[in-house]
Amino acid sequence: MKKAIDLKILDARIGTEFPLPAYATPGSAGLDLRACLDAVVELAPGQTTLIPTGLAIHIGDANLCATILPRSGLGHKHGIVLGNLVGLIDSDYQGQLMVSVWNRGQDSFSIQPGERIAQLVFMPVVQAEFNLVSDFDASERGEGGFGHSGRS
Ligand SMILES: O=c1ccn([C@H]2C[C@H](O)[C@@H](COP(=O)(O)OP(=O)(O)OP(=O)(O)O)O2)c(=O)[nH]1
Ligand SMILES: [Mg+2]
(Lines of atoms letter the chains of each structure in order from A; the text may use other names.)
(Lines give C-alpha, C1' and ligand atoms only; values in the text may rest on other atoms or scores of the structure.)
(Ligands and ions follow the chains in the order given, each with its own letter.)
Protein backbone atom coordinates (compact mmCIF):
# COMPACT_ATOMS: atom_id res chain seq x y z
CA MET A 1 0.00 0.00 0.00
CA LYS A 2 1.29 3.48 -0.83
CA LYS A 3 0.27 6.63 0.96
CA ALA A 4 1.26 10.26 0.41
CA ILE A 5 2.77 11.79 3.55
CA ASP A 6 3.51 15.51 3.98
CA LEU A 7 7.21 16.12 4.53
CA LYS A 8 8.98 19.37 5.38
CA ILE A 9 12.67 19.87 4.76
CA LEU A 10 14.13 21.76 7.72
CA ASP A 11 17.75 21.80 6.57
CA ALA A 12 18.81 22.89 3.07
CA ARG A 13 21.31 20.03 2.82
CA ILE A 14 18.43 17.52 2.66
CA GLY A 15 17.69 16.74 -0.96
CA THR A 16 21.05 18.15 -2.05
CA GLU A 17 24.05 17.04 0.01
CA PHE A 18 22.05 14.41 1.93
CA PRO A 19 19.52 12.38 -0.08
CA LEU A 20 15.86 12.46 0.91
CA PRO A 21 14.69 9.28 2.64
CA ALA A 22 13.80 6.70 0.00
CA TYR A 23 13.03 2.99 -0.12
CA ALA A 24 16.27 1.29 -1.17
CA THR A 25 14.47 -1.57 -2.96
CA PRO A 26 10.88 -2.14 -4.10
CA GLY A 27 10.34 -4.45 -1.12
CA SER A 28 11.91 -2.29 1.56
CA ALA A 29 9.81 -1.62 4.66
CA GLY A 30 12.11 1.04 6.08
CA LEU A 31 13.40 4.39 4.92
CA ASP A 32 16.86 5.19 6.24
CA LEU A 33 17.15 8.36 8.30
CA ARG A 34 20.36 10.36 8.08
CA ALA A 35 22.18 12.28 10.79
CA CYS A 36 21.71 15.95 9.90
CA LEU A 37 24.88 17.13 11.62
CA ASP A 38 27.38 19.95 11.04
CA ALA A 39 30.27 17.92 12.40
CA VAL A 40 31.14 14.39 13.43
CA VAL A 41 29.59 13.30 16.74
CA GLU A 42 31.71 10.96 18.80
CA LEU A 43 29.59 8.65 20.92
CA ALA A 44 31.42 7.06 23.83
CA PRO A 45 30.45 3.59 25.05
CA GLY A 46 27.24 3.82 27.07
CA GLN A 47 26.46 7.35 25.84
CA THR A 48 23.13 8.44 24.32
CA THR A 49 22.57 11.52 22.20
CA LEU A 50 19.69 13.06 20.26
CA ILE A 51 20.44 13.43 16.55
CA PRO A 52 18.35 15.69 14.30
CA THR A 53 17.26 14.41 10.90
CA GLY A 54 16.52 17.79 9.27
CA LEU A 55 13.04 16.50 8.39
CA ALA A 56 9.52 16.80 9.71
CA ILE A 57 6.56 14.70 8.64
CA HIS A 58 2.88 15.15 9.38
CA ILE A 59 1.12 11.82 8.99
CA GLY A 60 -2.28 13.39 9.64
CA ASP A 61 -4.16 10.08 9.84
CA ALA A 62 -4.91 8.58 13.27
CA ASN A 63 -4.91 5.11 11.72
CA LEU A 64 -1.24 5.41 10.83
CA CYS A 65 1.97 5.97 12.76
CA ALA A 66 5.67 5.70 12.07
CA THR A 67 8.28 3.92 14.09
CA ILE A 68 12.00 4.58 14.26
CA LEU A 69 13.95 1.35 14.42
CA PRO A 70 17.67 0.57 14.60
CA ARG A 71 19.56 -0.46 11.49
CA SER A 72 20.56 -4.08 12.02
CA GLY A 73 24.15 -3.67 10.83
CA LEU A 74 24.83 -0.75 13.16
CA GLY A 75 23.06 -2.46 16.05
CA HIS A 76 24.64 -5.88 15.66
CA LYS A 77 28.16 -4.95 14.59
CA HIS A 78 28.69 -1.65 16.39
CA GLY A 79 26.16 -1.64 19.26
CA ILE A 80 24.50 1.48 17.86
CA VAL A 81 20.83 1.23 18.76
CA LEU A 82 18.16 3.63 20.04
CA GLY A 83 18.05 5.25 23.48
CA ASN A 84 14.31 4.73 23.52
CA LEU A 85 14.66 1.23 21.97
CA VAL A 86 11.90 2.13 19.48
CA GLY A 87 10.74 5.61 18.50
CA LEU A 88 7.03 6.15 17.95
CA ILE A 89 5.92 9.03 15.74
CA ASP A 90 2.34 10.10 16.40
CA SER A 91 0.16 10.99 13.45
CA ASP A 92 -0.29 14.54 14.78
CA TYR A 93 3.41 15.23 15.44
CA GLN A 94 4.74 18.03 13.26
CA GLY A 95 8.15 18.60 14.80
CA GLN A 96 11.52 17.48 13.58
CA LEU A 97 12.12 13.73 13.50
CA MET A 98 14.78 13.08 16.11
CA VAL A 99 16.77 9.92 16.63
CA SER A 100 17.97 8.97 20.09
CA VAL A 101 21.18 7.11 19.40
CA TRP A 102 22.64 4.88 22.13
CA ASN A 103 26.04 3.32 21.97
CA ARG A 104 25.45 0.11 23.91
CA GLY A 105 28.80 -1.26 22.69
CA GLN A 106 32.31 -1.28 24.16
CA ASP A 107 33.93 1.04 21.62
CA SER A 108 33.49 4.68 20.78
CA PHE A 109 31.53 5.30 17.55
CA SER A 110 31.78 8.31 15.20
CA ILE A 111 28.54 9.46 13.59
CA GLN A 112 29.32 11.23 10.33
CA PRO A 113 27.16 14.07 8.96
CA GLY A 114 24.70 12.44 6.51
CA GLU A 115 25.26 8.94 7.85
CA ARG A 116 22.24 6.61 7.85
CA ILE A 117 21.64 6.01 11.56
CA ALA A 118 18.16 4.48 11.85
CA GLN A 119 15.12 3.64 9.79
CA LEU A 120 11.55 4.87 9.61
CA VAL A 121 8.72 2.37 9.17
CA PHE A 122 5.08 3.39 8.71
CA MET A 123 2.51 1.15 10.36
CA PRO A 124 -1.25 0.92 10.69
CA VAL A 125 -2.81 1.85 14.02
CA VAL A 126 -6.10 0.87 15.58
CA GLN A 127 -7.30 3.28 18.27
CA ALA A 128 -9.21 1.32 20.92
CA GLU A 129 -12.57 2.33 22.32
CA PHE A 130 -12.78 0.53 25.67
CA ASN A 131 -15.85 -1.52 26.37
CA LEU A 132 -15.98 -1.86 30.18
CA VAL A 133 -16.88 -5.40 31.31
CA SER A 134 -16.70 -7.31 34.60
CA ASP A 135 -15.93 -10.70 32.98
CA PHE A 136 -14.35 -11.64 29.67
CA ASP A 137 -15.68 -14.33 27.37
CA ALA A 138 -13.57 -17.43 28.16
CA SER A 139 -10.46 -17.99 26.03
CA GLU A 140 -8.20 -21.04 25.77
CA ARG A 141 -5.26 -19.13 27.36
CA GLY A 142 -7.21 -17.35 30.05
CA GLU A 143 -4.81 -15.51 32.38
CA GLY A 144 -1.81 -17.73 31.56
CA GLY A 145 1.24 -15.84 30.33
CA PHE A 146 4.91 -15.10 30.89
CA GLY A 147 6.03 -18.58 29.90
CA HIS A 148 3.25 -20.62 31.52
CA SER A 149 3.31 -22.97 28.51
CA GLY A 150 6.94 -23.98 29.20
CA ARG A 151 10.01 -23.72 26.99
CA SER A 152 10.17 -26.65 24.60
O1 LIG B 1 12.39 8.53 18.52
C2 LIG B 1 11.52 9.42 18.54
C3 LIG B 1 10.38 9.34 19.35
C4 LIG B 1 9.48 10.38 19.33
N5 LIG B 1 9.68 11.45 18.54
C6 LIG B 1 8.68 12.52 18.48
C7 LIG B 1 7.46 12.09 17.68
C8 LIG B 1 6.45 11.70 18.70
O9 LIG B 1 5.13 11.87 18.22
C10 LIG B 1 6.79 12.65 19.84
C11 LIG B 1 6.38 12.15 21.17
O12 LIG B 1 6.91 10.87 21.36
P13 LIG B 1 6.41 9.95 22.58
O14 LIG B 1 4.94 10.08 22.76
O15 LIG B 1 6.98 8.60 22.38
O16 LIG B 1 7.21 10.62 23.77
P17 LIG B 1 6.69 11.19 25.16
O18 LIG B 1 7.83 11.10 26.07
O19 LIG B 1 5.39 10.52 25.55
O20 LIG B 1 6.46 12.72 24.79
P21 LIG B 1 5.08 13.55 24.64
O22 LIG B 1 4.72 13.91 26.04
O23 LIG B 1 5.46 14.71 23.77
O24 LIG B 1 4.07 12.65 23.98
O25 LIG B 1 8.21 12.79 19.79
C26 LIG B 1 10.80 11.53 17.71
O27 LIG B 1 10.99 12.49 16.96
N28 LIG B 1 11.68 10.52 17.74
MG1 LIG C 1 3.64 10.59 24.34
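Just so you know, glycine gets a Cβ as well, placed from its N, Cα and C.
All annotation found in TrEMBL is predicted automatically rather than curated by experts.
Annotated in TrEMBL:
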DOMAIN    17-150  domain 'dUTPase-like'
BINDING   ARG71, SER72, GLY73, ASN84, LEU88, ILE89, ASP90  substrate binding site
For the domain 'dUTPase-like' (17-150), mean pLDDT (0 to 100): 98
SER72 (substrate binding site), number of other Cβ atoms within 10 Å: 11
Most Cβ neighbours inside 10 Å, all chains, among the binding-site residues LEU88, ILE89: ILE89
DSSP three-state assignment for LEU88 (substrate binding site): strand
Filtered binding-site residues, from ARG71, SER72, GLY73, ILE89, whose Cβ is under 6 Å from an atom of ligand 1: ILE89
Entry from the binding-site residues list ARG71, ASN84 having the most other CB atoms no farther than 10 A: ARG71
Most distant Cα pair in Å, residues ARG71, SER72, GLY73, ASN84, LEU88, ILE89, ASP90 binding substrate: 26
